[in-house]
Structures are given as C-alpha cells and as structure tokens.
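To keep things clear, I will list the structure first and then write my remarks on it.
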Amino acid sequence: MTSDLDTRLDLLRNITSKVGAFALARFGNLSHIVIETKGEADYVSAADRDAESLARRLIHAQFPADAIVGEEQLGDAEVDHWLIDPIDGTANFLSGIPLWAVSIAFVRNKEPVLGAVALPALDTLLWASVDGPLHGTGSVSPLVGAQPIAFGIGRNRTWPLAHRLEVEAAFEARGYHIVCLGSCAAALAMVAAGRLAGYVEHGTHLWDCAAGHVLCRAAGAPSSILFEADGKVAIIAAPQHLRVTAKADARSLSEKHIFDPGSDRISHRMESSAD
C-alpha cells in the first residue's frame, strides 16, 4: 500500500470512530430527532446530515482537495473520492434498534480500496485496505475459523420479489438461516468478522456497500459489486464454496447466478470440517 493510502487509512479509522461517537450520542436522545422522508419508506434525519457534515469537515481538514461523495450531499464520483454513508440503517437508528452503521470508504480508479465500518451501539469498529489485513476492535472483532450458519439478505424494495425469494429459498435449501439486519454495511461487517456466512442485496447504493466490500475482501471473503445503468448496485459476499457466475447482473440477480451447480449444502461443509 502506498504511503498516501496508509495516511488515508489512519484518517479513515479515526474519522469513522469520531462520526460513530457523534451519531451514538444522538441515538441516545431520539425523542428530539425530527424524521423526514426522501421517498417511500426511505427515512432521513438531522442526525444523518450532521454526521455526514462532520465527516466531510474532518476529511477536508487533512485533505482539502479530495472529492467526497455522501448519501446526503452527493459529489463528484468521476475522480478518486471518499464515499460516506453517515448512518446506514436509518430506520433501525430511528427506531432505537442498535443495528446501524457508519460506513466510509476511499475509492481510487473507481475501485473501493479502503474501508471502515463502525457499529457504535455495539462498540465495534472494523477497518482495512482491500488487500488486508482486517483490523477490528470491540464486541464484534474478527473471528478466525468461524462456521456461521446465518446468511444475510438485504430486502430492498427495488430487488424483484421473485428473484429475492428464489435466492432466499436457495440458501435455506442449503441449510442457512436467513436474516435481514436492516443495514447493508452492518451485515457486510458481520461477514468480514465471521458472524454471517455471506450477504446478498440488489438495488442498493455504492455508499451502502463500498466499505463493507473492502472489509470482506480484506478478510478473505469473496465479494463482488455489480453495477447498473441507473447507478445502483448489487453486492454479493458469498462463502468460499459459492461463486457469482459471469452472466450475473444487478437487474436479474437470482439463485442461478450465485451457486455453483455442485456447491455443497452447509450441513455437508460443517460435517467435513468436523472430520
């Protein structure tokens, strides 16, 4: 990793931690937060905007010329840039559910190369460069040799229901328990930390998944981001014995694009590991 990326990774870790602490203070005082909507069942609050503004100020204090793209303020994504989701899992955050994340990545040559995800209500911070290693502190620090039986699905409204149900049924048929955490970044952090076997979501945004994608790659978990013409993406972080076929795309993502024809059921994999 180049020296400028080393510097940015240190900054990324510090900023994500600080923004997490900022958001956590507001999470403890939800009665004073005004909730707005950006679209159907798409919520935002002053906490989201203020957290993103803090991240922008902290980045520009050290790298004033760097471009920044955020969920709430957008920006120039055609050059190297920082990518911010100040509170991923806003519905959880506004409901007092502790499964939400601060997700910040750095993108070089249109590829996420650095990422950090804070789970402030779980006292957890994970960060990495895409080539590793994965670093972590707190209650969800990385596990080695884990064999999780839960698989995460992002139940995004733009993912065609028939395709999503097909994917869920396929994972269940292989012995996985399906969970939806309500935060793409939190779920990918759980994959990287060895708590979830994998994660799939269609119709999300790059700021939701870029940092988590980096964490998964750093942890050795295969992860792919598939782009659509409308700017949305699909994220697939799958176990080692699964893969994404070359014909997969975000719009038609379904079971046949994720599984090897001969991929083992989870029960077979776990039995083999116990031998």
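Using the three backbone atoms N, Cα and C, a Cβ is placed for every residue, glycine included.
From the candidate list ASP4, ASP208, the residue Swiss-Prot records in the substrate site shared with GLU71, ILE87, ASP88, GLY89, THR90 is ASP208. Residue pair ILE87 (Mg(2+) 1 binding site) / ASP208 (substrate binding site) shows a Cα separation of 9 Å.
Checking each of the binding-site residues (GLY89, THR90, ASP208) against GLU71 (Mg(2+) 1 binding site), the C-alpha distance stays within 10 Å for ASP208. What surrounds the Mg(2+) 2 site, by Cβ distance within 8 Å of the Cβ centroid and not counting ASP85, ASP88, ASP208, is the set GLU71, ILE87, GLY89, ALA101, SER103, SER183, CYS184, ALA185, THR204, HIS205, TRP207, CYS209 from the same chain. Residues 5, 8-9, 12, 15-16, 19-20, 23, 27, 30, 33, 35, 41, 43-45, 47-48, 51, 55, 77, 80-81, 113-122, 181-186, 189, 207-208, 210-214 of the same chain sit 6 or more residues outside the transmembrane segment (87-107) yet have a Cβ under 8 Å from a Cβ within it. Proximity of distant same-chain residues to the transmembrane segment (112-132), defined by a Cβ-Cβ separation under 8 Å and at least 6 residues beyond the stretch ends, is recorded for 1, 5, 8-9, 12-13, 15-17, 19-21, 23-24, 27, 83, 98-106, 138-142, 185-186, 188-189, 192-193, 206, 210-215, 217-220, 225.
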